[in-house]
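A.B. asks: Next up is a structure, given as structure tokens.
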Amino acid sequence: MLYPRALLPAAVALASLVLAVPLEERQLAFDFNNQKVRGVNLGGWFVLEPWITPSIFQQWANGGDVIDEYSYTAALGKDEAFTRLNNHWATWITEEDFAEIASMGLNHVRIPIGYWALVAIPNDPYVQGQLSYVDRAIDWARKNGLKVMLDLHGAPGSQNGFDNSGRTGTIAWQSGDNVPNTLRAIQALAERYAPQTDVVTAIELLNEPANWGNDLSQIKKFYYDGWGNVRTQGQTAVTIHDAFLDPRSWNGFMNSEAGVNNVILDTHIYQVFSQNEVAMKPCAHVQTACSSIDKIKPTDKWTIVGEWTGAQTDCAKWLNGLGKGARYDGTLPGHSEGYYGSCDKKYEGTVDSMLPVDKTNLQYFVEAQLDAYESHTGWFFWTWKTESAPEWHFQNLTRAGLIPQPLDSRKVPSQCGTSQCLVPGN
């Protein structure tokens, strides 16, 4: 549903009139006002990321042009790519995962999906077939009492140039027909899944559109248009990402006074993707997590931290891109000016093999983040599982006792209520 910018207020009013939607939030299957979202991302399932599943990319570990799902499918060709990916889709996440997710006290999963699963664009190398597995995921969630947020994780042209958009490099999302094709994908996603209101509580219009390389006014117009697309199918909540801006800067946009309803703001909080962040000591990581309360609590719409992690370094194998090193130990090209520690036991391995001090630091960090992010609507940890990145592996961190069970228990209560450093040895 495309609206000329000048007609946005009228279009929103018309959509509300046609659907008989009052401006206040309608009752949904999940009470975002009074319940906390506690969820995990099912990363690496339908949008490949080399660091989550390095085995899929291992044949190009020593060089080559394959660095993301676009180049992966282009290199293999559609037939071979489908064979390999279909096996991956069938095995990476199963019904047993959903059962364990529910057993850990979580109530949501966030499922990243690329546009290519929904809309085929000529000359794209991507393959289709993901939706039958998404259908299964919805059924598994229903069976296990879980809710689902569907997340359009990759847009044509790439909305951020990251490998997690499907294609690394230039940001070209707002060129040509890319935005209209993204809206086609949203429409297809909404038509297929929004009616399943007992399970699908929200549709995220686009993951991490960059505020650089894109026109912010066009991002905002896209959000209105995408909201209109979802509203043709009912009252499912619509999630918008903050485009890496201060969440408070979105106050007044797409709230009830603006004539829209059921909008969730998504912010992602990592402390590993800059030199200054990886240089921080464990106490500084905790304090930074707690300081996020001041940014998310004053927002005027439901606000979730849709991605966060236990990692305090960027050591995980290929986290910065296939074949690339880390800022933390000075091995990332162009970021060799500092050395803050060894990536031993952090580059790859298991939670059990982590150093005791790293386990302790992670446990304190995770508990502080849980306290901070539940100051508003809730959170989704990134990610449920990885092949070899222990600090990012919710399943194994929880099994090892480093993420609390139940989720509201604390080894160290009220870390965000004191200015003192409570992390041992710091």
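Note that Cβ sites are derived from N, Cα and C of the backbone, with glycine treated the same way.
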A.B. asks: If you follow Swiss-Prot, the disulfide involving Cys290 connects it to which of the following: Cys343, Cys416?
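C.D. replies: Between Cys290 and one of Cys343, Cys416, Swiss-Prot records a disulfide, namely with Cys416.
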A.B. asks: In Swiss-Prot, Cys315 is disulphide-linked to which residue out of Cys283, Cys343?
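C.D. replies: Within the candidate set Cys283, Cys343, Swiss-Prot assigns the bond with Cys315 to Cys343.
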A.B. asks: Measure the Cβ-based neighbour count of Glu208 (active site, proton donor), defined as the other Cβ atoms within 10 Å of its Cβ.
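C.D. replies: Glu208 (active site, proton donor) is surrounded by 23 other Cβ atoms within 10 Å.
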A.B. asks: If you draw a 10 Å sphere on the Cβ of Cys343 (disulfide bond), how many other Cβ atoms land inside?
C.D. replies: 19
A.B. asks: Given a 10 Å Cβ-Cβ cut-off, pick out the one of the disulfide-bonded residues Cys290, Cys315, Cys416 that has the most other Cβ atoms nearby.
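C.D. replies: Within the set of disulfide-bonded residues, the most crowded position is Cys315.
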A.B. asks: Give the distance between the Cα atoms of Cys343 (disulfide bond) and Glu307 (active site, nucleophile), rounded to the nearest whole Å.
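C.D. replies: Cα of Cys343 (disulfide bond) to Cα of Glu307 (active site, nucleophile) measures 23 Å after rounding.
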